[in-house]
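Taken from TrEMBL, the feature signal peptide applies to 1-24. According to TrEMBL, the active site, charge relay system annotation covers His126, Asp161, Ser237. The substrate binding site feature in TrEMBL is assigned to His126, Asp161, Gly235, Asn236, Ser237. For 276-347, the entry in TrEMBL reads domain 'PDZ'.
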Amino acid sequence: MKRFPKITLALALAATTAISTSYADSLQLEVDSNPIDRSDKFMPHSYANMLQAATPSVVSVHTARIVKVARGGRGMSPEDELLRRFFGLPAPRYEQQGEPEERRMPQGIGSGVIVSADGYIITNSHVVTGQSEDVADEILVQLSDGTELEAKVVGTDPLTDIAILKVEADDLPAIRIADSDNIEVGDVVFAIGNPMGVGLTVTQGIVSATNRAIGIYGERGYESFIQTDASINPGNSGGALIDSQGRLVGVNSAIISRSGGNIGIGFAIPANLAISISQQLADSGEVRRGFLGVSIADVTPDIAEAFNMKNSKGVLINDVEEDSAADQGGIERGDIIVAVDGKKVESANQFRIRIGNTIPDTKIELDILRDGKPKTLEITVGSASGRFAMGANELVEGVEVAVIDKEIAERYRIPKNIDGLAIVSVSPDSPYARVLGEGTVILEINDNEVETVADARDLLRTGVNKLFVYSRGRTGYLALRVE
């Protein structure tokens, strides 16, 4: 059997919805947009001074859950009970006595980056949720000098794997932030974090690739990773990827590995994306994403030749939704997008992230090629929020479905030959959230094809139901118990 490498989120030990916590002060961060000097042919013999300045901005993040265990008697601890089950030992003959008591159970270890002197810290969403769908009950941040501070979760965004924490402190060593759009393959970078819980550690590498998408956040996720060979291991999640000047260029997030350890393929979320998401979470507790209403595709060499282009860089507009922001701004089918606000775009994924990362109602300039001639359009970006509210109906508690239309098919990348009901919203509080996921298509219920919401409601029965579904390129069965 052929073995494939697995993708590991670099947390020592995977996503929830945004948390709305109000903080009076907005998060205002400065970005150093100057690129590094690549003209210097002489490599420094040491980066010690730079790292001494940057490393204190990285913290260790410890999470814990509060669990209830039986009190009194000779009751076994959770650790002993785990060992008993592992070795197949018989259960004790005595019974636990007394009322349950709360006990603190360590959950995991990750890293974080201080981005403001007044206590805002960026980390990964999966660092504060672990394997649960809820944030940890306790989050403790340890500074480089050993100081421990209790942290609160301001908000999380599972679609980018970014979370923002807040500690009550002043004069913290905030990291300098670079414009991550300026990085290039071959640039020297350093990964700083708390791998395996051993303490703050620095590793060196280079930028191996940019704008990398590996599909770990699902069909609706926003991925544009910086790939690096700097050693990243479990515990590095949420730590800093910095350039040779000590500026933040990325937030370490994941690795590809067969063993779970580093093999030189690590991924970091670009600083520009992390900062944008964090500022929105700090300001309002939620993320508002831009939306144009276009169907897009990469420009392949064949498409470039067919459209008389000199190179295959850009994004092809396959279709434009009527009355959408794109339609109102003058975008037409067959246009080639080459830049957004003067910054080049080279792939459909990169363009999708640029637009999604733009706050709705913002005016942007698109440089396009139309019939081989350059043209600039000014577009007011629409909102992705509530795109599926029309036509969506609750099927079971906390789960909304809708008949597949062109927009839904494009958003969830549903093939044309798939017909059924798309799940367009799942509340985190829904009792069905662990079984049904957003973007999944319900094809059959109890061996009957589903075409409308009314069909689905008629076919569902109390008890266990057999669902045949499509998700992420595959079909299969799910068992759904309806109370």
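Just so you know, glycine gets a Cβ as well, placed from its N, Cα and C.
Sorting each residue of the domain 'PDZ' (276-347) by its DSSP state yields 20 helix, 20 strand, 32 coil.
For the binding-site residues Asp161, Asn236, Ser237, a Cα-Cα cutoff of 10 angstroms around His126 (active site, charge relay system) retains Asp161, Ser237. Across the residues of the domain 'PDZ' (276-347), the predicted structure has a mean pLDDT of 89. Summarising the substrate site geometry, the residues cited as binding it (His126, Asp161, Gly235, Asn236, Ser237) extend over a maximum Cα to Cα distance of 15 Å.
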